[in-house]
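S.K.: The structure under discussion is supplied below as structure tokens; questions concerning it will follow.
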Protein chains: 2
Amino acid sequence: MDAPQNTTLRVGEDRPIRLDSGLDLGPVTVAYQTVGRLNADRSNAILICHALTGDHYVAGINPVTGKPGWWDALVGPGRVLDTNRFFVVCANVLGGCLGTTGPRDINPATGKPWGLHFPVITIGDMVTVQARLLDALGIEQVFCVIGGSMGGMQVLEWAASYPERVFTAVPIAASYRHSAQNIAFHEVGRQAIMADPDWRGGDYHEHGVIPQRGLAVARMTAHITYLSETALHRKFGRRLQDREAVTYGFDADFQVESYLRHQGSTFVDRFDANSYLYITRAMDYFDLATEYGGTLANAFRATPTRFCIISFSSDWLFPTVESRAIVHALNSVAANVSFVEVESDKGHDAFLLDEPEFHETLRGFLDGAARHRGLPPTAEGAR
Amino acid sequence: MDAPQNTTLRVGEDRPIRLDSGLDLGPVTVAYQTVGRLNADRSNAILICHALTGDHYVAGINPVTGKPGWWDALVGPGRVLDTNRFFVVCANVLGGCLGTTGPRDINPATGKPWGLHFPVITIGDMVTVQARLLDALGIEQVFCVIGGSMGGMQVLEWAASYPERVFTAVPIAASYRHSAQNIAFHEVGRQAIMADPDWRGGDYHEHGVIPQRGLAVARMTAHITYLSETALHRKFGRRLQDREAVTYGFDADFQVESYLRHQGSTFVDRFDANSYLYITRAMDYFDLATEYGGTLANAFRATPTRFCIISFSSDWLFPTVESRAIVHALNSVAANVSFVEVESDKGHDAFLLDEPEFHETLRGFLDGAARHRGLPPTAEGAR
């Protein structure tokens with residue numbers, strides 16, 4: 001296997017990115033990973049879109065953490081996203097903190113980190129930047145755009161904005177618009193960050209501090225929503241952490257408390273608080289129906305794209321009912337769509353985990369679509 | 001109608017309260033409200049147990065807020081808890097901040113507020129204090145002990161600890177043990193409070209500050225769990241707050257954000273942060289099965305109490321499955337138990353709201369039990 005390649009590219013040097021807010025931004029640095037080889041007719045690319053706190057390190061070893069990439073189980077030679085056959089691309093999103101331009105970077109107008117002067121971005125803006133990246137890579141049409149959670153939002157935006165550029169689209173554990181409950185959880189996280197005095201109105205980098213406590217609380221809240229009640233019960237139940245009895249105090253008596261505290265404190269090391277604000281905001285703003293005059297089906301009229309919609313039965317953050325709404329909209333415009341609700345008790349996080357039914361569903365769909373597209377099992381004429 | 005009486009009483013002057021932690025505490029001030037009149041044979045008392053952030057102001061006008069008491073719709077002459085017939089008692093819980101001894105009060109040993117030196121308390125300790133209050137009021141047996149959420153935990157503890165003192169027990173939207181998910185949400189709230197520099201290790205009163213931001217975040221998180229996704233969608237959906245379009249900023253663009261911020265900021269004015277820590281901890285520690293050797297049914301062997309268990313279909317904080325587990329345990333010891341899952345889309349908060357099926361269920365149960373107990377429609381020989 002060719003090892004995953006991590007690199008950066010600048011887009012918008014010639015013309016800036018026109019954001020949904022009306023502002024222009026650019027040039028923008030895009031950090032991305034590629035795995036496998038682009039074939040001769042440039043028809044075998046799979047664009048992976050990552051989730052809220054994800055990154056472009058999908059396969060191999062993540063150089064930042066030293067651990068396997070977040071979709072390493074799915075991406076590789078012979079795996080579901082078979083890198084003998086496909087050319088996989090994943091870019092860190094606009095507004096992120098892993099290499100693509102975001103609020104931690106230097107604002108060229110001031111010479112200081114952007115902080116809250118960074119423009120508020122949308123899922124559409126993330127997709128615009130990805131489209132520029134594909135332009136630069138010479139990829140006119142991707143074989144597949146795929147992603148879970150916020151990644152699934154980008155998939156839907158891709159299919160709506162660039163139907164001719166998307167042969168297949170696979171939104172997983174996603175929604176066409178962020179729900180009131182999900183906005184509420186995000187707002188709690190943002191308030192926790194902004195309540196931390198070390199946030200300093202967003203200018204913490206200049207003061208040499210980071211809003212660790214606020215960001216940890218934000219992560220802890222969000223983390224609960226990624227798991228199902230069943231998964232939490234099975235993993236931890238009411239088991240105590242290295243003790244025989246409760247301590248009648250405020251230490252982490254319960255394993256679930258210790259686990260959450262760990263999730264909070266390790267997150268702080270790898271994620272930027274302002275990026276968290278911007279990316280959650282982008283998700284909150286996402287409403288594909290409103291973008292298309294109030295009717296979701298309008299986003300997909302005469303779409304040539306083949307869709308595979310996947311949800312997980314115990315996902316209460318992006319429940320199946322939201323995926324069904326997408327399926328209904330696609331059916332109403334006679335789109336080519338298949339839909340699977342995977343039985344799983346692992347909650348929203350199932351899209352990141354080793355769920356055999358999910359993997360087999362995906363493998364079957366991609367195989368069929370690849371045959372239809374005429375892609376041989378091994379990338380031909382790869383360069 | 002006789003107006004609700006608000007008063008305080010000291011218990012444990014003669015012998016202190018032996019807490020579950022093994023520590024002694026006392027004397028303890030108990031703030032409580034009574035409505036209606038105790039009858040001649042002291043058989044018509046209803047003890048109401050309040051929830052996490054509740055208080056003893058159930059009926060009439062709450063003198064602190066100027067608004068109706070939290071169960072005023074249920075408590076009064078001719079209402080479901082008919083104060084022509086019943087003598088209603090509700091006490092602020094141990095560890096609270098509305099008049100009953102809690103961490104905000106002065107530690108007699110130091111002359112300073114208890115803060116984190118207040119002993120960690122349990123649901124059992126709250127019930128012990130309530131039992132002392134009833135002793136002082138000369139009430140040997142209550143006709144009914146009733147409460148929702150944490151109030152329902154107290155009801156179960158009452159029935160288990162003092163079966164002969166409880167003629168009927170009505171735990172509503174409750175559980176016999178706090179789930180891993182619920183512990184997780186509480187832990188996030190506690191971490192938010194403790195992360196606020198103004199918390200000062202719990203000694204904020206001495207410094208003339210309060211951890212407003214942390215407490216507000218804790219409340220916001222918890223508040224989401226009190227509502228159903230459906231209720232949030234109906235109340236707010238993705239509607240904007242006094243604006244035509246999103247602002248591409250971090251103001252409260254969405255109504256749900258504005259609502260949550262309001263919930264957070266008003267809570268800070270009425271609740272003590274340390275009380276929030278102690279009372280959430282008491283809920284986390286609650287596990288009636290473990291208290292009785294690992295088998296819930298053991299808590300109710302040969303119980304003479306009549307139970308009415310009520311849950312709400314859209315309550316995901318204390319879902320119906322938890323109430324069913326209580327029913328199964330009671331059935332296994334041949335207890336007298338009825339169970340109703342009320343269809344409601346209002347989530348956990350339904351127990352505080354005007355839900356006709358809930359009110360009628362309760363009225364029917366109390367009427368039947370009152371006839372069985374020989375209580376006439378109007379308190380006789382009341383004093």
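Quick reminder: no glycine exception, Cβ is built from N, Cα and C everywhere.
Dumping what TrEMBL says about this protein:
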- A:Ser149: active site, nucleophile (ACT_SITE)
- A:Asp315: active site (ACT_SITE)
- A:His348: active site (ACT_SITE)
- A:Arg219, A:Asp349: substrate binding site (BINDING)
- A:44-353: domain 'AB hydrolase-1' (DOMAIN)
S.K.: Radius 10 Å, atoms counted are CB only; among the recorded positions A:Arg219, A:Asp315, A:Asp349, which position scores highest?
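M.R.: The largest 10 Å Cβ neighbour count belongs to A:Asp315.
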S.K.: Please identify, among the recorded positions A:Ser149, A:Arg219, A:His348, A:Asp349, the one with the smallest Cα-Cα distance to A:Asp315 (active site).
M.R.: A:His348
S.K.: Count, for each of the active-site residues A:Ser149, A:His348, the other C-beta atoms lying within 10 angstroms of its own C-beta, and report the residue with the smallest count.
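M.R.: The active-site residues A:Ser149, A:His348 were compared, and A:His348 has the fewest Cβ atoms within 10 Å.
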S.K.: Three-state secondary structure of A:His348 (active site) from DSSP?
M.R.: helix
S.K.: Out of the recorded positions listed (A:Arg219, A:His348, A:Asp349), which are within 10 Å of A:Ser149 (active site, nucleophile), Cα to Cα?
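M.R.: If one measures from the Cα of A:Ser149 (active site, nucleophile), the recorded positions that come within 10 Å are A:His348, A:Asp349.
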S.K.: If H, G and I count as helix, E and B as strand, and all else as coil, what does DSSP give for A:Ser149 (active site, nucleophile)?
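M.R.: DSSP call for A:Ser149 (active site, nucleophile): coil, neither helix nor strand.
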S.K.: Mean pLDDT over the domain 'AB hydrolase-1' (A:44-353): what is the value?
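M.R.: Mean pLDDT across the domain 'AB hydrolase-1' (A:44-353) comes out at 97.
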S.K.: Roughly how many Å lie between the Cα atoms of A:Arg219 (substrate binding site) and A:His348 (active site), rounded to a whole value?
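M.R.: About 15 Å separates the two Cα atoms.
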S.K.: Can you see whether DSSP assigns A:Asp315 (active site) to helix, strand or coil?
M.R.: coil
